[in-house]
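Trainee: Reproduced below are the annotations present in Swiss-Prot:
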BINDING   GLY387, ARG388, SER389, GLY390, SER391, GLY392, LYS393, SER394  ATP binding site
DOMAIN    30-321  domain 'ABC transmembrane type-1'
DOMAIN    353-589  domain 'ABC transporter'
TRANSMEM  26-46  transmembrane segment
TRANSMEM  82-102  transmembrane segment
TRANSMEM  167-187  transmembrane segment
TRANSMEM  266-286  transmembrane segment
Amino acid sequence: MTTSESSATSSVKIYFRLLSYVRPYVGIFLLSIIGFVIFASTQPMLAGILKYFVDGLTNPEAVLFPNVPYLRELQLLQAVPLLIVLIAAWQGLGSFLGNYFLAKVSLGLVHDLRVELFNKLLVLPNRYFDTTNSGHLISRITFNVTMVTGAATDAIKVVIREGLTVVFLFIYLLMMNWKLTLVMLAILPLIAVMVGTASKKFRKQSKKIQVAMGDVTHVASETIQGYRVVRSFGGEAYEQARFAQASNSNTQKQLRMTKTGAIYTPMLQLVIYSAMAVLMFLVLFLRGEATAGDLVAYITAAGLLPKPIRQLSEVSSTIQKGVAGAESIFEQLDVEEEVDTGTIERERVTGHLEVKNLSFFYPQTARQVLNDISFSAAPGQMIALVGRSGSGKSTLANLIPRFYGHDIGNILLDGVEINDYRLRNLRRHIAQVNQNVTLFNDTIANNIAYGDLAGAPRADIEAAAADAYAREFIDQLPQGFDTQVGENGVLLSGGQRQRLAIARALLKNAPLLILDEATSALDTESERHIQAALDHVMKGRTTLVIAHRLSTIEKADLILVMDAGQIVERGTHTELLAQNGYYARLHAMGLDEPAPVGAV
């Protein structure tokens with residue numbers, strides 16, 4: 001099979017898969033088809049009525065239906081105007097049924113695809129987000145889905161409505177003069193070749209447009225999210241140039257596709273009208289015994305053909321845009337979800353954590369991030385991970401809730417390998433607070449009681465906020481817990497956001513706490529309050545703390561000193577200082593040694 005044949009086969013498979021999304025709307029879709037059948041049937045009627053109009057010019061008293069009872073007295077003088085009005089009404093009914101019900105299918109399809117894409121995002125593994133441009137993900141949900149809908153509904157609208165129009169007109173022409181009609185059929189192979197050539201170009205160009213649109217979304221998203229950095233470092237000109245370049249690239253690709261269509265459509269029209277010219281010559285040359293009305297009706301019907309044929313040929317562009325968009329959408333939908341082969345569910349675990357000979361490589365890289373890590377933590381113990389940035393601390397913390405899967409070594413929670421737990425159940429036992437806090441554009445109360453915590457009693461929410469020392473600023477806000485925090489908590493300070501994240505973790509009341517730089521954004525006073533709260537909360541819970549501040553880790557039951565993915569020292573704060581080794585050097589520098597170049 002050649003490359004072009006393989007591509008064509010792939011396009012057909014993608015398109016039929018896309019059409020499967022129309023299945024839930026098949027009843028509404030059939031109503032739209034009926035509407036388009038009605039619409040298409042009026043085209044030869046209009047041509048036919050002209051025959052009687054022209055014949056009526058020579059004999060106004062002639063009747064339209066001489067052999068039909070009750071209508072044999074109806075003269076052309078009355079019948080022709082009446083029929084034109086009736087045909088127009090019939091056509092309007094068909095147009096309404098077709099367009100309205102197809103719009104319902106189209107909008108439903110947009111909704112279904114967007115929801116499925118978004119739902120898929122929530123179950124994709126972390127590694128997918130590590131390697132995929134966020135702008136392209138957003139563009140798929142917004143731009144690509146619209147292109148796909150055009151292929152699944154708008155294209156079908158043209159194919160059905162204009163296709164039936166062509167069929168009905170050809171039937172009418174064959175009935176009037178089959179020999180002349182065969183002349184028009186002779187151009188169909190040439191039209192097919194032109195459509196096939198244009199389709200390949202349209203699909204190739206559509207893929208490039210969608211990638212370029214993703215780049216535009218990505219640059220805009222990055223700049224909006226980092227607007228403070230942009231302004232602080234005078235990056236306005238750079239970002240303006242970067243966005244202009246991305247937008248210009250998209251514009252040029254759009255123009256290239258428009259140019260293809262602008263060349264292709266006139267060429268197709270030239271072929272069609274050349275055939276019409278030959279047909280008109282033959283009609284005049286071979287008119288024989290045909291009446292003037294017959295000739296006018298035939299030419300009118302033939303003259304109605306170029307428009308639907310042109311629209312049918314142009315639908316290839318819409319279909320190829322949709323196929324290109326659907327290909328990227330289905331690629332995302334076909335990505336394997338997070339591995340969840342576990343079967344064990346526990347109502348609550350004690351929090352006994354044990355790591356045995358754990359090693360880890362990030363997917364699709366050959367560099368080892370963790371090497372033979374082993375330690376254990378009993379309920380109520382606090383384990384502190386210390387080391388310069390890039391030593392593997394956060395990677396280790398991300399393996400415990402299975403944000404990444406491990407293949408070498410074991411991580412046991414209450415004596416059970418974490419891979420044996422059902423994923424959702426495992427994460428229910430873990431509360432995590434990261435350095436980069438995520439808040440949603442909602443109220444303070446809803447940000448604390450998020451996800452599975454939604455619906456928690458207001459008293460519990462307020463108690464968690466108090467334990468996180470967040471009440472002192474919440475009570476000063478005009479709407480208190482009902483205050484909107486803005487996108488990602490933009491209306492709050494860094495320390496306030498951090499305390500809300502800690503309150504969220506406290507409300508979860510999980511037996512295992514992971515605090516990844518959890519107090520790094522707090523001022524000294526806030527950190528002192530948080531430390532007091534954490535001392536209380538950590539009782540009876542396993543706590544894994546990653547911190548650069550001495551005050552956070554000095555009380556740890558066990559400190560694991562990491563470097564280059566290995567545990568190089570372990571012990572209490574006092575024991576490690578007495579060893580006068582790596583930890584002592586970090587301690588002397590304030591525990592915040594920069595990462596080496598290339599560290600992960």
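Using N, Cα and C of the backbone, Cβ positions are placed for all residues, glycine too.
How about a rundown of where these features are and what they're close to?
Mentor: For GLY392 (ATP binding site), other Cβ atoms within 10 Å of its Cβ number 24. DSSP assigns GLY392 (ATP binding site) to coil in the three-state reduction, outside any helix or strand.
Looking just at the domain 'ABC transporter' (353-589), the mean pLDDT is 85.
Residues of the same chain lying 6 or more positions beyond the ends of the transmembrane segment (82-102) and with a Cβ under 8 Å from any Cβ of it are 28-29, 31-42, 45-46, 49, 64, 153, 156-157, 160-161.
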Trainee: If you count the C-beta atoms lying within 10 Å of each candidate's C-beta, which of the binding-site residues SER389, SER391, SER394 ends up with the smallest number?
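Mentor: Lowest Cβ count within 10 Å among the binding-site residues (SER389, SER391, SER394) is SER389.
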Trainee: Hey, of the binding-site residues listed (ARG388, LYS393), which one tops the CB count within 10 A?
Mentor: LYS393
Trainee: Using a 10 angstroms cut-off on Cβ to Cβ distances, just flag whichever of GLY387, GLY390 is the loneliest among these binding-site residues.
Mentor: GLY390
